[in-house]
């Protein structure tokens, strides 16, 4: 067959292919348009403001967001945006030969920020990750996303938009414990010893290091401490069960169920909670103190700490200034504080 005949046959096959496509498939071709959102310009001033408030910043990439129907306007806005940029082109004759990575349809570039701020949400964030299957007798709301499950209070919103940053205001009292994986902890050198629960004693210490109200600095301090405890002290892991930062966060050390290496003579019968910093002349921040009290209450509620536990400080058990004179004075005013000296007398 001649070259002109091959070219003509190729054109005919292309026309047949285009004619055979359903509207749905053509729309999917159009939806492959590129939507690019530039990174949000995050300045040091804004970072400092975030550290001094109760805001948590989370990053969402291309994927799925679950929102309540109260905020269904978010999905409508995204859907309108996608519909406006994904208009279907009218295609004429198409001839493709000796080509790779061919794109048919619009290519739309959006140079700008797309930020969604959802406020007024009262449920736990994990509740929003759950999507209930549709009820048999529940009326089905017609949407463009018929495969998504939804109920009376939630709907799943799909889009091809990159949402770089989304801010939620979360009360510090409800903040979860930051797990070891978040501060890139190395694994224990040996198999950890299990702690017999519930524990009778809780020991308060300080790390005798610098303190900071910035999470990034506290993470660095904790990693340095773990490295020092393992390599210089020869211990199995970081000494403490939990650490409290002046940023108002609780950081997981050895956790609830593992024997620590914080207080000689008390490691097997207590939890060690250490404040990050040195508190000889000043107290930790109010957020740090509140979070420590919340951690104690959570330990009792979850069965890790005895209901009649005894709260003691490191300086009462060993010859040390820890947790610092100023913090020691504060701990003496807390419920469950136990005066070992009176018992010995």
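Glycine residues also receive a Cβ, built from the backbone N, Cα and C atoms like all the rest.
Here Swiss-Prot flags 1-38, 124-152 as region 'Disordered'. Sequence annotations record features per position, and here Swiss-Prot assigns compositional bias 'Basic and acidic residues' to 1-16. Marked as N-linked glycosylation site by Swiss-Prot: 52, 95, 98, 106, 318. Residues annotated as domain 'N-acetylmuramoyl-L-alanine amidase' in Swiss-Prot, with sequence analysis given as evidence: 198-324. Residues or ranges marked as peptidoglycan binding site by Swiss-Prot: 206, 229-240, 254, 261-267, 314-322.
Mapped onto this structure are the features recorded in Swiss-Prot.
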residue: 95; record: N-linked glycosylation site; Cβ within 10 Å: 10
residue: 98; record: N-linked glycosylation site; Cβ within 10 Å: 4
residue: 106; record: N-linked glycosylation site; Cβ within 10 Å: 16
residue: 232; record: peptidoglycan binding site; Cβ within 10 Å: 8
residue: 236; record: peptidoglycan binding site; Cβ within 10 Å: 19
residue: 240; record: peptidoglycan binding site; Cβ within 10 Å: 28
residue: 263; record: peptidoglycan binding site; Cβ within 10 Å: 24
residue: 317; record: peptidoglycan binding site; Cβ within 10 Å: 19
residue: 318; record: N-linked glycosylation site; Cβ within 10 Å: 14
residue: 321; record: peptidoglycan binding site; Cβ within 10 Å: 14
Rounded to a whole angstrom, what is the C-alpha distance between residue 321 (peptidoglycan binding site) and residue 106 (N-linked glycosylation site)?
69
For residue 98 (N-linked glycosylation site), name the DSSP secondary structure in the helix/strand/coil scheme.
coil
With Cβ-Cβ distance below 8 Å and at least 6 positions apart along the chain, what are the contacts of residue 206 (peptidoglycan binding site)? List them in sequence order.
274, 275, 276, 277, 278, 279, 314, 322, 323, 324, 327
To what whole number does the mean pLDDT across the domain 'N-acetylmuramoyl-L-alanine amidase' (198-324) round?
96
Going by Cα-Cα distance, pick out whichever of the glycosylation sites 98, 106, 318 is nearest to residue 267 (peptidoglycan binding site).
318
So how many other Cβ atoms are close to residue 267 (peptidoglycan binding site), meaning within 10 Å of its Cβ?
18
The domain 'N-acetylmuramoyl-L-alanine amidase' (198-324) - residue tally per DSSP class, helix then strand then coil:
40 helix, 30 strand, 57 coil
Return only the integer: C-alpha distance in Å from residue 318 (N-linked glycosylation site) to residue 240 (peptidoglycan binding site).
16
For the C-alpha pair, I'd like the distance in angstrom between residue 263 (peptidoglycan binding site) and residue 106 (N-linked glycosylation site), rounded off.
67
